[in-house]
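OK, TrEMBL features for this one:
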type	residues	note
BINDING	Gly348, Gly349, Thr350, Gly351, Gly352, Gly353, Lys354, Ser355	ATP binding site
DOMAIN	329-525	domain 'FtsK'
TRANSMEM	30-49	transmembrane segment
TRANSMEM	55-73	transmembrane segment
TRANSMEM	80-97	transmembrane segment
TRANSMEM	103-122	transmembrane segment
Amino acid sequence: MSTTQTASTITSRELRHLPVPDAWAGIRPALVAGWGALVLAVVVAGLAFTRDELAVEIAAVALGLWALSLGSWLGRGRGFALFASCTVLCAGGGWLAGWKVAAVALAVVAVVVSILGARELARRANIARRLVWLGQALGPATSDQRTPDKLLTPKWRAADVAALPVAWRYPQSMTPDTKKTGELEALVSGRLGAPVTITWSPGSALITSRAEVAAPVAQDDATTRLGDVLGSMLPGARVDKIDRGESGRIEGVEFSWPAARANRIAAIPFRGRIAAALQTALGFTITATWDTANDRARIERLAELPSRIPRPPRNPTKPMVIEFAQLRGGGIAAWDMDEPLPHMLIVGGTGGGKSVLLMTILTGLPDHVKVTPVDPKYVGLMGIDAVPGVLAPASEPEEMIQAVENVHADMMARYRDLRSGQVSRDQLDPVVLVIDEGQEFAEVLNEYWMTKGKAKYKEENGVAGTGSEHPVMKSLRSILRLGREARVHVILATQQADASWLSTSARLQFSVRIALRNLEPVASEQVFNSRIATSGLESYPGRAWVSPSMGVQPEHAQVFWTPKVVAGLSPADRAILEGLGVPLPDAAPGAVTVRDIEPAELEELPAVDDALTVDDAPVVSPGMGDMPGITEPVLELPAAPVRTLEAEERPATELENGARILVDSDEGPVVAVVESVDPDDQDSEYLALTYRTVPGDELGVLGLRDDETVPVVRP
């Protein structure tokens, strides 16, 4: 007996392509039972014929043929179409003949038998393919040229997913060599993906599964702990590798499972449960990558996110880029309002941090932005009009209609101005329409339309309104499609973004997409075109799935904390709003909110006289102040003489090292010397300008677009 053939592995995909021998393709007793049923039906039909009971005769023959078609399908593993056709004909004929109860009963039985039969045939086909794979190794290893169905006899009733137990009829010329049993067991174990025991008998051997005893790993308790978790959910799975950082902290785990478990692991919810169990065992947040074709997976530690991040000040060099969250990978999530699709979609319920997210975005908008909020639940955006530029929320149906129509009218007016050449796009201040509870908004307005709106529409327009959808929804879709060129933007927040109220074409207009919770698979598909956002996000306020641009896979992020504009804030929260230039209701009288000074404003300042010279001072005699009765004269100076720095705008791409420029500081514009101008590593459309202030010697960096200009101090 030769056992030089080594065991090899096979993937689930390759296994599915192995042929199933005819002898193993079906349930043979079912075919015998089908023929028996037909014979019985013929006997019954004969008896009915002798009694002139034609209906019974036809029914008996029909049922006999139906039973034969069922037995043929189950017995040979093919022919389901014939069985289904017979079922339809028999049930339909019985129904037309007036035997409705019998027809329904036959249909129910056929459905149940189809489901159970299909499952059993699939189970047997999986076992058969594994035995074919095993037979292809056993034959060469024992110099036996017979096909697998001649070598092996499945134990169909007792067989598990690894096809065990199975009887092996080894060749008569072979003498069992118990010394080689270990090699054969290793060969079979490798083929079936499960540890086995071979028990010899004259002319045959029984191959059965045995419990695998893992090698002791006392040096790594994590391997044992994770192996136990995997084994309890996925028998036969094992930990292959654990990656640790320099401090010994676990950073990644690789594990695999037997090919016999492929059908189980293919279910996405089951993979989610495995990942959740491993995350609980490890005690930190993970991400999982599944290689189901090769029966392997890897989990990795996700970078930790702070539970609260104060909102940073606005970036004056990128006013149209609104930063709102920190990504788990270390980057910053931002809304670029100049994107081709300049709108934002937010999905989240109560308590998920939606109000904080909206505050973070609205307080980060450029100056002179007009924000129109719509709040059908009355309290969702309460107090948000305390933010500069934000109007009072519209909540009544007529108010919400008017708010959307006003934004739409503004957009169309802007298009007329753009077409006539009166303004350019860069001269337009952004307009933002914020709709909270979008689904509720649509339902409230559609209900209003059906009850009161149509009558009012006819009264105002002289024609009857049609349809069940309020016309303002058409205006909203128009804003979504056409808003970009007119700098009109939409922030739409909702608990569900399903097609019942938000069409697919409307969803495609949103570039930035945010989910403030894990989503159901269908909802994840609707929002992100992927099922990635179904699990793994911690249940912390402000934790979110964020896709910052169309086509970009979402990742975990923590939304910046921005407090509401109310009195009595803590010093830390006051500092956040003051840094954003937001006036506080309880600010001290005369307090001035600090904001950045734009370089262009310097050019609008009036010129002032040059600095004083010695000739401007009056002559004072020495010692006059010491003489009794004589008052020391007052030195009269011209009022506040300051020398104005003259600056001219130059493209950032033309700046050279050593050039003097004006940059903003808390005290106003200061002079700085350019250290370097390099391409931005994070965005190829931007330059990173490094400078050092004079005086102060403070180092700083500006992010500038290629076409932006910088105020350069004239000599």
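Note: Cβ is positioned from N, Cα and C throughout, glycine not excepted.
Are these features on the surface or tucked inside, and what are their neighbours?
Gly351 (ATP binding site) falls within neither a helix nor a strand when secondary structure is assigned with DSSP, and so counts as coil. Listed in sequence order, Pro541 are the same-chain residues six or more apart from Gly351 (ATP binding site) with CB atoms under 8 A from its CB.
Beyond the transmembrane segment (30-49), the same-chain residues lying 6 or more positions past its ends with a Cβ under 8 Å from any Cβ of the stretch are 56-57, 60-61, 63-65, 67-72, 74-76.
Outside the transmembrane segment (55-73), and at least 6 residues removed from its termini, the chain residues within Cβ reach (under 8 Å) are 26, 30-35, 37-42, 44-45, 48-49, 79-80, 82-83, 85-87, 89-90, 93-94, 97, 99, 106, 110, 113, 117.
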Would you mind listing the long-range same-chain contacts of the transmembrane segment (80-97), meaning Cβ under 8 Å and 6+ residues beyond its ends?
55, 58-59, 62-63, 65-66, 69-70, 72-73, 103-104, 106-107, 110, 114, 118
Sort out the residues at least 6 away from either end of the transmembrane segment (103-122), same chain, that have Cβ-Cβ distances under 8 Å to it, and list them.
26-27, 66, 70, 73-74, 77, 80, 83-84, 87, 90-95
Mind checking which of Gly348, Gly349, Gly352, Gly353 has the fewest other CB atoms within 10 A of its CB? They're the binding-site residues.
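Among the binding-site residues Gly348, Gly349, Gly352, Gly353, the lowest count of other Cβ atoms within 10 Å belongs to Gly349.
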Which ones in the same chain are close to Ser355 (ATP binding site), with CB under 8 Å and 6+ residues apart in sequence?
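Result: Gly380, Leu381, Lys564.
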Non-local Cβ contacts of Lys354 (ATP binding site) (under 8 Å, 6 or more apart, same chain)?
Ile346, Gly348, Gly380, Asp436, Ala493, Leu516
